[in-house]
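Asks: Questions regarding the structure given below will be posed in turn.
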Amino acid sequence: MVKIGVIGLQGDVSEHIEATKRALERLGIEGSVIWVKRPEQLNQIDGVIIPGGESTTISRLMQRTGLFDPLKKMIEDGLPAMGTCAGLIMLAKEVIGATPEQKFLEVLDVKVNRNAYGRQVDSFEAPVKLAFDDKPFIGVFIRAPRIVELLSDKVKPLAWLEDRVVGVEQGNVIGLEFHPELTDDTRIHEYFLKKIV
């Protein structure tokens, strides 16, 4: 039985839990999804999702709760991880616009610009092209970060908005600018689950 953890410190945690449950069901995989708040819960999981929210807050709370160091090591050791929006920022190697107290997991060789699309009012939805499926995916961008550079050839584009990369994959790690959990389309969560089973 597969167990997926969603880092539940701040952000759209319940939406990711529901989307992952639906994806498990659609794939016919027996599994469960847990809300991770403490480091000892990390030992129970086969994959982790870092949701959107506010990256400064998520970074601070991950350090305060003791999740940061063990999670970083587990991802470096091969734990499948997916980060959306602020979760992408947390996974990134380099972050433009970071505050001095922010710490990042640095497990994804990308440079991201923290609030590249501007304020909440500039949020938008647009069709995104996926590397693994011909049908477009509706990308929900909410004060999204922007992937400005791929820092190694280990990083593979996974999603495009027109000709710009908005989602990437590097081994066991997926990072997305947008929020797949805010749609009824579970294809990205299913793709992530297939990395685990």
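Placement of Cβ uses the backbone N, Cα and C atoms for every residue, glycine included.
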Asks: Among ARG22, ARG26, ARG114, indicate the single residue that Swiss-Prot lists for the L-glutamine site containing GLY53, GLU54, SER55, ILE142, ARG143.
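Replies: Swiss-Prot lists GLY53, GLU54, SER55, ILE142, ARG143 binding L-glutamine, and from ARG22, ARG26, ARG114 it also lists ARG114.
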Asks: Select one residue from ARG114, ARG143, HIS179: among these recorded positions, choose the one with the most other Cβ atoms within 10 Å of its Cβ.
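Replies: Result of the Cβ crowding comparison: HIS179.
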Asks: Give me the Cα-Cα distance between SER55 (L-glutamine binding site) and GLU181 (active site, charge relay system), rounded to a whole Å.
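Replies: Distance (Cα to Cα, whole Å): 17 Å.
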Asks: Considering only the active-site residues CYS85, HIS179, GLU181, which residue has the minimal Cα-Cα separation from GLY53 (L-glutamine binding site)?
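Replies: Nearest listed residue in space: CYS85.
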Asks: Can you check which residues sit near GLU54 (L-glutamine binding site), meaning Cβ under 8 Å from its Cβ, same chain, 6 or more apart in sequence, and list them in order?
Replies: GLN10, GLY11, ALA86
Asks: Taking only the residues the record lists as binding L-glutamine, namely GLY53, GLU54, SER55, ARG114, ILE142, ARG143, what is the largest Cα to Cα distance between any two of them, in Å to the nearest whole number?
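Replies: Value for the max Cα separation, rounded to a whole number: 13 Å.
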Asks: I want the residues beyond GLY53, GLU54, SER55, ARG114, ILE142, ARG143 whose C-beta is within 8 angstroms of the mean position of the L-glutamine site's C-beta atoms, in chain order.
Replies: GLY11, GLY52, CYS85, ALA86, ILE89, ASN115, ALA144, PRO145
